[in-house]
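Here's what Swiss-Prot has on this protein:
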TRANSMEM  1-21  transmembrane segment
TRANSMEM  37-57  transmembrane segment
TRANSMEM  83-103  transmembrane segment
TRANSMEM  104-124  transmembrane segment
TRANSMEM  140-160  transmembrane segment
TRANSMEM  183-203  transmembrane segment
TRANSMEM  207-227  transmembrane segment
TRANSMEM  260-280  transmembrane segment
TRANSMEM  309-329  transmembrane segment
TRANSMEM  365-385  transmembrane segment
TRANSMEM  399-419  transmembrane segment
Amino acid sequence: MWWLLVCVVIGGFYTAWNIGANDVANAVGPSVGAGVLTLRQAVLIAAVFEFLGAVVLGDRVIGTIESGLVAPADHVLSSQDYVFGMTAALFATGVWLQIASFFGWPVSTTHAIVGGVLGFGIILKEDAVIYWDSCARIFVSWLASPIIGGYFAFLIFSFIRKAILYKRDPVSAMVRIAPFLSAIIIFALGLILILSGAVARVVAFPVAFRVVCGLVVFAFAFTIWGVHFFKLAVLPQKVGPGTLLDRLLSKSTDYGRQYLVVERIFAYLQIVIACFMSFAHGSNDVANAIAPVAGIYRALYPQSYSPKVLFIFMSLGGLGLVFGLATWGWRVIDTIGKKITELTPSRGFSVGMSSAITIAAASAFGFPISTTHVVVGAVLGVGLARGLQAINLRIIKDIVLSWFVTVPAGAALSIMFFLLLRAVFC
């Protein structure tokens, strides 16, 4: 059945391409919406870190989706039905994401693939096939992720306003606090890497923790040095076209000189956040495309399945994410970055930091959560800190509706593809 494996691998790349086109907005949309990065710069940064996240941490979440929802055991589900079911789930996800991306809907790719996996399990009418406890845990994480993301974003932005923006001298306050913010970012990323087990493959935990602490100290010192060396606290006399300051000024004429300096420093911190978010997104969402491929390969060739094979599949998924965001990612980036609420670097920083911590932590513990839920929750948290009038409720309604539609749509498409495969090959 090598021909089926070839089709599945192509389908995995196709699905990863659509994931990159739809879900990349969660990683870089706030940076583009805040004017920190151009679309070209955002694609370049995301391409590098999405791929790294996919190949370094993606295998943990792959294990949850591949074998944690539907059992391929011989006495419960036949090998042929499992292969057909995973193939159906894969193509159902790709088709639905392509439809959503065409209309600019920021749907949850995790919803789509889990809906697809559950779809073929339900059509078999074998209740024992589906691990409902795993499904319940995943659904709870989906409900909790926007609440947690929004709560942290609200707290972070409220702190920024009180400790920096509302101060009599916001520039001095920003210069004092910026090193601590960068240190927290680096510590969070390092801690997530340690908890995920990825670093443990190379060095022992005590050594890894000491390295992280060293990087935190370096980030703190480098920020102090960088702010003064690059004169970030002083505005230049002339603003060149196409520069960061030019983009910030083009977004709003309400910036005073002091606030423009503050937002400029936040912009550089937000670039770090964009890298963190891209890494976290790649580590979590590559599983949505590669888990069915890995599951089918394991069912067809159990003797040759190995970590090396899984690494090849993860690399393929990472490349698919990169091509998707480079060719079609702008549609949903526009929705996330510009249509929900007005973002500035300080607001985008709050969204990015809270989202990155939530998503990467979930990936480290093997929970396939929805990055869309987390980011939208974080954007809502920042918006609510400014008042309900700052939020585009019509867009929020459309996004929430897409959350409810995606699971049944993925299941329905999966059932259709599953029955089609059975009719053709059985």
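Cβ from N, Cα, C; glycine included.
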Name the range, of those listed as 1-21, 37-57, 104-124, that has the largest tally of Cβ pairs under 8 Å with the transmembrane segment (140-160). 104-124
Between the transmembrane segment (260-280) and the transmembrane segment (399-419), are there at least three Cβ pairs closer than 8 Å, leaving out pairs fewer than 6 positions apart? no
Residues outside the transmembrane segment (399-419) whose C-beta sits under 8 Å from one of its C-beta atoms, at least 6 past its ends, are 84-85, 87-89, 91-93, 95-96, 100, 105-108, 111-120, 122-123, 335, 340, 370, 372-373, 376
State, in range form, which of 1-21, 37-57, 83-103, 104-124, 309-329 has the highest count of Cβ pairs under 8 Å to the transmembrane segment (365-385). 104-124
Any chance you could find the range in 1-21, 83-103, 104-124, 309-329 with the most Cβ pairs under 8 Å to the transmembrane segment (37-57)? 309-329
